[in-house]
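Q: What follows is a structure written as structure tokens; I'll ask about it next.
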Amino acid sequence: MIRVGINGYGTIGRRVANAVSSQDDMIVVGIVKTKPDYISEVASRRFKIFVPDSSYMKAFQDAGIKVEGTLDNLLDDAEIIVDATPEGMGEKNKPLYIKKKAKAIFEGGEEPDVAETSFNAYSNYNDAIGKSYVRVVSCNTTGLARTLYPIQQAFGVKHVEATLIRRATDQNDSSKGPINAVEPSLKIPSHHAPDLKTVMGNIDVNTVAIKVPTTLMHVHVVQVDTEKNASNDGVLEAWNNYRRIIHVKKDDGIKSTAQIMDLAREFGRDRSDLYEIAIWEGSVSAKANRISYIQAVHQESDVIPENVDAIRAMFNLADKEKSIEKTDKSLGIEKRVY
């Protein structure tokens, strides 16, 4: 059993902790929290709580939450840390991981050079085998890589144009916006294009990102110029081989991200998460060598399976197909069309 520590127990960290706990080849040995809030109180019923350093202990003690020790203490026990701290903190934490000889996974908010390789389970699993420091790419980049990889394998990819309509913030964050505005990223391509190249090779891609006042999901409008001609049925068949992609249909009442997230609730998933990338089947248009489609990305959870697979790759516990199968089975990910 690989002993996993979680540094940062926010949107991603708490979901990774639950996912790791669902595996039969790894275990959570502790989580790091900075505040004795309601999240810490609930988490303490299930996980050992650690703090960044001793200066945080009194606040937890005053709140009646037991603290096992500091991050340094957790690193004495953990073989690997999943660093889900806020953007930029992973780079600052890395020297401690190196000092304690612990492997580490970083999330997409960190720069690529924080790790030996960036990671997506479908597109470059093998690059992470045996590595000590791996970065799981962002929710948006994961969403693009998930659906572009099958197209690349089936038809080849010449060029990708993607418009990313991004949610403003996560549902539990009341401090960010916009609230009543549309906020474009004026840098073109947005950072997602070079990020995609870290897991899909030197793919020719351009991305535009626009932030809108919603918290549910991101939506991507994607156009792909392919090397081989494609048909609608051929594209759908290519995606059918991958469980982490689902097809949804307007005719079944799924017109918006609201219905997609309601569908996730009906799955009975932990936190109503949708690990899969949802593609509106009616949006798929393949004419000669151009494929167009629209997809929705649940930004809180689509990277969670990748974190589990990255752990297996780094410890060479399983090959790509076996790891993905184990992760999907444990999280209830199965091929679905709605």
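From the backbone N, Cα and C atoms, a Cβ is placed for every residue, glycine too.
According to Swiss-Prot:
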BINDING   Thr11, Ile12, Gly109, Arg167, Gln299  NAD(+) binding site
BINDING   Ser138, Cys139, Asn140, Thr169, His192, Ala193  D-glyceraldehyde 3-phosphate binding site
ACT_SITE  Cys139  active site, nucleophile
Q: When the Cα-Cα distance from Cys139 (D-glyceraldehyde 3-phosphate binding site) is computed for each of the binding-site residues Thr11, Ile12, Arg167, Gln299, which gives the smallest value?
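A: Sorting the binding-site residues by distance from Cys139 (D-glyceraldehyde 3-phosphate binding site), the top entry is Gln299.
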Q: Pull out the binding-site residues from the set Thr11, Ile12, Gly109, Gln299 whose C-alpha sits within 10 Å of the C-alpha of Asn140 (D-glyceraldehyde 3-phosphate binding site).
A: Gln299
Q: So what sits near Arg167 (NAD(+) binding site) in its own chain, CB-to-CB under 8 Å and at least six residues off in sequence?
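A: Those within reach of Arg167 (NAD(+) binding site), by Cβ under 8 Å and sequence separation of 6 or more, are Lys211, Val212, Thr214, Thr215, Leu216, Met217, His218, Gln299.
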Q: Near the NAD(+) site, what residues other than Thr11, Ile12, Gly109, Arg167, Gln299 in the same chain have a C-beta no further than 8 Å from the centroid of the listed C-beta atoms?
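A: Checked against the 8 Å cutoff, the neighbours are Ser138, Cys139, Asp170, Glu300, Val303.
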Q: Compute the C-alpha separation of His192 (D-glyceraldehyde 3-phosphate binding site) from Gly109 (NAD(+) binding site), stating it in Å without decimals.
A: 11
Q: Could you give the Cα-Cα distance between Ile12 (NAD(+) binding site) and Thr169 (D-glyceraldehyde 3-phosphate binding site), in whole Å?
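A: Between the alpha carbons of Ile12 (NAD(+) binding site) and Thr169 (D-glyceraldehyde 3-phosphate binding site) there are 13 Å.
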Q: What whole-number Å value do you get for the CA-CA distance of Ser138 (D-glyceraldehyde 3-phosphate binding site) and Thr11 (NAD(+) binding site)?
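A: Between the alpha carbons of Ser138 (D-glyceraldehyde 3-phosphate binding site) and Thr11 (NAD(+) binding site) there are 13 Å.
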Q: On the Cα atoms of Thr11, Ile12, Gly109, Arg167, Gln299, which are listed as binding NAD(+), what is the maximum pairwise distance in Å?
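A: The two farthest binding residues have Cα atoms 16 Å apart.
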Q: Whole-number Å only: compute the distance from the Cα of Gly109 (NAD(+) binding site) to the Cα of Thr169 (D-glyceraldehyde 3-phosphate binding site).
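A: Thr169 (D-glyceraldehyde 3-phosphate binding site) has its Cα 14 Å from the Cα of Gly109 (NAD(+) binding site).
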Q: Around the Cβ of Ala193 (D-glyceraldehyde 3-phosphate binding site), how many other Cβ atoms lie within 10 Å? Please give the count over every shown protein chain.
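A: Around Ala193 (D-glyceraldehyde 3-phosphate binding site), other Cβ atoms within 10 Å: 21.
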Q: What whole-number Å value do you get for the CA-CA distance of Ala193 (D-glyceraldehyde 3-phosphate binding site) and Thr11 (NAD(+) binding site)?
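A: Cα-Cα distance, Ala193 (D-glyceraldehyde 3-phosphate binding site) to Thr11 (NAD(+) binding site): 24 Å.
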Q: Could you tell me the maximum Cα-Cα distance in Å between the residues recorded as binding D-glyceraldehyde 3-phosphate, namely Ser138, Cys139, Asn140, Thr169, His192, Ala193, rounded to a whole number?
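A: Largest Cα to Cα distance for the D-glyceraldehyde 3-phosphate-binding set is 21 Å.
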